[in-house]
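Visitor: My questions all concern the structure below.
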Amino acid sequence: MFCISFLIGIYYNVIVAWSFYYLFASFTTELPWTHCNNEWNTQACAKFDGRNCTLFGGLLNSTGACIFQNETSSEDWDVLRNFAKAAKMPADEYFHHNVLTISNDIQEVGGIQWKLALCLLFAWILVFLALVKGVKSFGKVVYFTALFPYLILLVLLARAVTLPGYMDGVLFYLIPRWERLTEAKVWGDAAMQIFFALSPCWGGLITLASYNKFHNNCFRDSLIIATGNVLTAFFAGFVIFGIMGFMAHELGKPVDTVATEGAGLAFIAYPEAVSRLPFAPFWSILFFVMLLTLGLGTQFTVLETVVTTIVDSWPDKFRGRNHKWVVLGTSCVMFLMGLSMCSRNGMYILQLVDNHAATFSSLIVGFCEIMVLSWVYGADRFLNDIRFMLSKYPTTYGLWFFMWKFVTPIVIICLLIFCIIDFKPSSYGGVIFPPYINGIGWVISVLPVIFIPGIAALKIYHSEGSFWQRILKLKRPSEEWGPAPRKRKVLDEPKHVDSRIPLALHLMEDS
């Protein structure tokens, strides 16, 4: 989990840096991606609004004239169609040619883009300041980063419902395409979305939960987080797809041709749509402030996981006054590694890491975790531990027992199979990465997983007895693990322990 969070934290703050770049650029009377008269624009930039032409089946030529198929030869019509396919929106060229100044492929390095590097430095300074005092400062900041996006989403929704084409986008969002359920990619993408949104197997949930009181209602919190995540995504869809419906209306195209994902949605499609609104800079500022609060909230948790792992591994050296130096050192190392993604080929590097850092590895770690929890440690023993914390078993005891032991492992295996079936070599913008680059990607995928058998082998090596005796000994829970004896007896007297160290170490201190 430390390794996964470390890899994600490197590139995730680069995306936060892009958001800062766009936010700073939005403080102007006219957004810089609204036209094609900038130095970074090319001949492919769509200089004219072709909505009125395309609605009637025509195509624009290079001068902006609307040409219909019966008015020209088949050869000239093919030229017009190719010209239309190659056309780029101003927001697209702004992102790729101005913000990224992207190179032709991943092997063409280029220099560091100093504006992006400064934005990345600024992002890391904010993250450092939020975490430098530990969970006390972090907890206060998270209240803002977690709640403020809801306010902005409500404002954006209120504006979106007044736009032409809003209902087209919402209907595209709500009406299922049942035939897509037979595609492995759909299920794999859905699983990755849940894994990315909830961040299981990244260590963040465990890290933050360790600061709770011993008798905190973890069962209730788990239900609230899982349900709130789904409802938030569902609500946000009305805003995003409503704006995409407006975009499709403006361009005279079907919604599915303008709907996109990832960087294309946040830094191309949405800015392009916003640029067509009255008072465009205001709506752009709102959107990127929301994006920043969401991004920084996630980045805080990712870095806290990395820092907590280091501090807990060497508590005598790093706890207390030296905690801030761990935060500073970790931030500096991750910033320096992130600079590679501020180069001209940085987008390709980011795409490679994004494709591999938290996909297969998260699923494999999740499978190992649920198997150890349910079959080695024991689902019944784990439910007993929850009873010690809550003074009662969770509701529907049998359901959780059955889900953990059978349903969840099978589901994760199926998702892994879907991801393998649907796997395609990494690419970006039509540029397919060479085999050795994809090999590096697989190294990134395997690296976090290697720690599981690696640490197991290390434990077996340092244990005593025959090989099988070592296995039997190591697969049993240690005597120090679990609620301390006095907490087992006095369940109605909760004692708060500000956990900056793992539960096992607390128990040893209590003993």
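Along the chain as shown, the residues are counted starting at 1.
Cβ from N, Cα, C; glycine included.
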Visitor: Have a look at TrEMBL and say which candidate in C36, C53 forms the disulphide with C45.
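Guide: Cross-referencing TrEMBL, the cysteine bonded to C45 turns out to be C36.
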Visitor: Do any residues, 6 or more residues outside the transmembrane segment (325-350), come within under 8 Å Cβ-to-Cβ of it, and if so which ones?
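Guide: Tertiary neighbours of the transmembrane segment (325-350) are 6, 9-11, 13-15, 17, 96, 100-103, 105-113, 116-117, 120-121, 124, 127-128, 131-132, 263, 303, 306-307, 310-311, 318, 428, 431, 433.
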Visitor: Cβ under 8 Å, sequence separation of at least 6 from the ends of the transmembrane segment (399-423): give me the contacting residues as numbers and ranges.
Guide: 183-185, 187-188, 191-192, 359-360, 363-364, 366-367, 370-371, 373-375, 379-380, 382-383
Visitor: Under 8 angstroms for C-beta pairs, at least 3 of them, ignoring pairs fewer than 6 apart in sequence. Is the transmembrane segment (190-211) in contact with the transmembrane segment (435-461) by that rule?
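Guide: Contact between the transmembrane segment (190-211) and the transmembrane segment (435-461): absent.
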Visitor: By a Cβ-Cβ criterion of under 8 Å, what residues six or more beyond either terminus of the transmembrane segment (223-248) are in contact with it?
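Guide: Distal contacts: 150, 153, 156-157, 160-161, 163-170, 172-173, 193-194, 197-198, 254-255, 257-259, 265, 269-270, 272-274, 276.
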Visitor: Same chain, outside the transmembrane segment (141-161) by at least 6, Cβ under 8 Å from its Cβ: which residues?
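Guide: Same-chain contacts beyond the ends: 130, 232, 235-236, 238-239, 242-243, 246, 277, 283, 286-287, 289-290, 293-294, 296-297, 300.
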Visitor: I'd like the Cβ neighbour count for C36 (disulfide bond), meaning other Cβ atoms within 10 Å of its Cβ, all protein chains included.
Guide: 19
Visitor: What is the separation, in Å, between the Cα atoms of C36 (disulfide bond) and L294 (Na(+) binding site)?
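Guide: So the alpha carbons of C36 (disulfide bond) and L294 (Na(+) binding site) sit roughly 31 Å from each other.
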